[in-house]
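The structure appears below as structure tokens.
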Amino acid sequence: MNLMMFDYRRSHTCGQLRKEKVNSQVTLSGWVNRRRDHGGLIFIDLRDRFGLTQLVFDPIKSPTAHLAAEKLRSEWVISVKGTVIPRQEGMTNPKLPTGEIEIMVHEMDILSKSKTPPFSVSDDLIEVNEELRLKYRYLDIRRGDVAKKLITRHQAMLAVRNYLNNQGFLEISTPILGKSTPEGARDYLVPSRVYPGNFYALPQSPQIFKQLLMISGMDRYFQIAQCFRDEDLRADRQPEFTQIDMEMSFGTPEDLMNIVEDLIKTVFKTCSNIDVPTPFKRLSHAICMEEYGCDRPDLRFGMKLHNLNHLAAQTTFSVFLDQIRENGLVKGFCIKGGADFSRKTIDEYTEFVGRLGVKGLAWIKRQENGLNSSIVKFFPESIHQQLIEEMEMEVGDIIFMIANTPSKTNQALDHLRRKIARDRNLVDPHHYEFLWVTDFPLFSWNEEEKRLQSEHHPFTSPHLEDLHLMETNPLKMRSSGYDIVLNGYEIGGGSQRIHNSDLQQKIFERLKFSPEELETKFGFFLEALNYGTPPHLGIALGLDRIIMILTQTENIRDVIAFPKTQKASDLMIECPSPVANEQLKELEIRVPDSQFSWT
């Protein structure tokens, strides 16, 4: 086919024409979305990423074009020339921006034919197996829903760049090939051909480089950065992800929080015309764990947790008493109107927490005649009213209680609280509840390795008033870290950084880095801190996760153009994949015979 014989440059897109253009001569190009034959006329819905336009092929007015249209099939690419005409009365489509007009086609050229697609591209409502969608991702993206999410992502990135530029931030790219440093997850490693036996690491974040930029005097930095983590995956994680990375000098956490809040407000308004109220709520890490059992609570509904150890200790219920003796935790929450839960429903929730490693779920209903449950007999009358008041129980309510180790109790109640909220439709998907979580512990205890580890990363500054606890009680030290949470998802985290070389050295030593390991992994950074480091702080926001929530998508893969599966594979290009033996020899790498094949 000689494509130069037909001028297929568009005069308009498929979402652009309105009734004001009636009688105009136009050229459109796109994909055949649907074809319909009606009484000799052929109707084609022509699609591009901008929208749909209806084409009309009339055998009397344009017999050649009509004859060619008889051959058209879904997903063929065509170009047409024609006249904009109004649709007949009663035939308009108010659901389409172009629904008042159609194009009477005079000329058509077929630019590209298509095999029959493995699934319908024209209908977003038809459920398609995700593996099939990912294998043919280039077809999946043509579906309107996926394309809209990618457009929203573009709008968000553009809004971020414009806003941060106006705030004096410089967009600076940092290296992709870097050094392997401990940041909490496994690194993706890249072998060096020039230096056999040595490896680069793909960045889990630009953390060290952005701090070096502050030492370099760049003052305010940002980057829409690709990051890589070889970690266990779930619906809101990918091995390759994008974050809005920021760092600034000579500021306070309050300054940075204000900038981030205004940035998010701008993104939501730009992308979805949503007005986000500011300032965001703030809760300490300790309050979050006490009232919600996690450090990323969903605040769109109630059901706060209550510590019941003091009341449980007054009962004769052995399950509670045994846990209290073992330094366990008895906690619960109240479900309004939950007294109508059937025994079957309660058993299902008991099984649910059982899968989280908790053996039982205690419950008490408040009815007109008082408290009702098989365990009420273990509760002395003297604490009934106290339980009712502390749990804010009204007639018709139910409370669920769990007794276990503090970590398991909190985890199970957090998951149960979220599940019940979903089951009872307590979550408004159109409501966005932001939260800053502050005052995290600086350290946590790694039971397996019997040592302290950083709760965030080792560059986070402690609260200066807690420095005296470094040697005596480091687990009580608070960090200057802050996470931002949206609807129960952590969408970002940051901190005030350590800008003093001696303090940074002490933190590394407290984390049990040997002098040799410290010099090998961080010697260059500790040296840089000795050359006049300004106070600085920063944050990284998860772009993929923000777009996932903004577009009300359950799966992060839906907002990434070419995502990996939950097994970190790409079904479309079939990777990871073997490489040629010659490449392995150059890298001096030996690999065992693989039993895996994509075929």
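Residue numbers in this text run from 1 along the chain shown.
Every residue, even glycine, has its Cβ placed from backbone N, Cα and C.
Sequence annotations record features per position, and here Swiss-Prot assigns site 'Important for tRNA non-discrimination' to His38 (among others) based on sequence analysis. His38 (site 'Important for tRNA non-discrimination') falls within a strand when secondary structure is assigned with DSSP.
In this chain, no residue six or more apart from Gly90 (site 'Important for tRNA non-discrimination') has a CB-CB distance below 8 Å. Look at Swiss-Prot and you will find Gly90 (among others) tagged as site 'Important for tRNA non-discrimination', backed by sequence analysis.
Arg229 (L-aspartate binding site) counts 21 other C-beta atoms within 10 Å of its own C-beta, drawing on all protein chains shown. Among the features that Swiss-Prot reports, L-aspartate binding site is placed at Glu183, Arg229, His456, Arg497.
The region 'Aspartate' annotation in Swiss-Prot covers 207-210. Residues 174-175, 178, 181, 183, 221, 223, 245, 247, 457, 459, 525, 538 of the same chain lie 6 or more positions beyond the ends of the region 'Aspartate' (207-210) yet place their CB under 8 Å from a CB of it.
With a 10 A radius on its CB, Glu490 (ATP binding site) counts 17 other CB atoms from all the protein chains. According to DSSP, Glu490 (ATP binding site) is assigned to a strand segment. Residues or ranges marked as ATP binding site in Swiss-Prot (evidence: sequence analysis): Arg229, Asp230, Glu231, Gln238, Glu490, Gly542, Leu543, Asp544, Arg545.
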Field: Same-chain residues at least 6 apart in sequence whose Cβ lies under 8 Å from Leu543 (ATP binding site)
entry: Arg153, Ala156, Met157, Ile224, Phe241, Thr242, Gln243, Ile244
- line: For His456 (L-aspartate binding site), the closest of the recorded positions by C-alpha position, picking from His38, Glu231, Arg545, is Glu231
- prompt: His38, His456, Arg497, Arg545: which of these recorded positions has the sparsest Cβ neighbourhood within 10 Å?
  reply: His38
Under 8 Å by Cβ from Glu231 (ATP binding site), counting only residues of that chain that are 6 or more apart: Ala185, Arg186, Arg237, Pro239
- prompt: In whole Å, how far is Arg229 (L-aspartate binding site) from Glu490 (ATP binding site) when you measure between their Cα atoms?
  reply: 17
Task: Please find which two of Arg229, Asp230, Glu231, Gln238, Glu490, Gly542, Leu543, Asp544, Arg545 have the most distant C-alpha atoms, given that the record lists them as binding ATP, and give only that distance in angstrom, rounded to a whole number.
output: 19
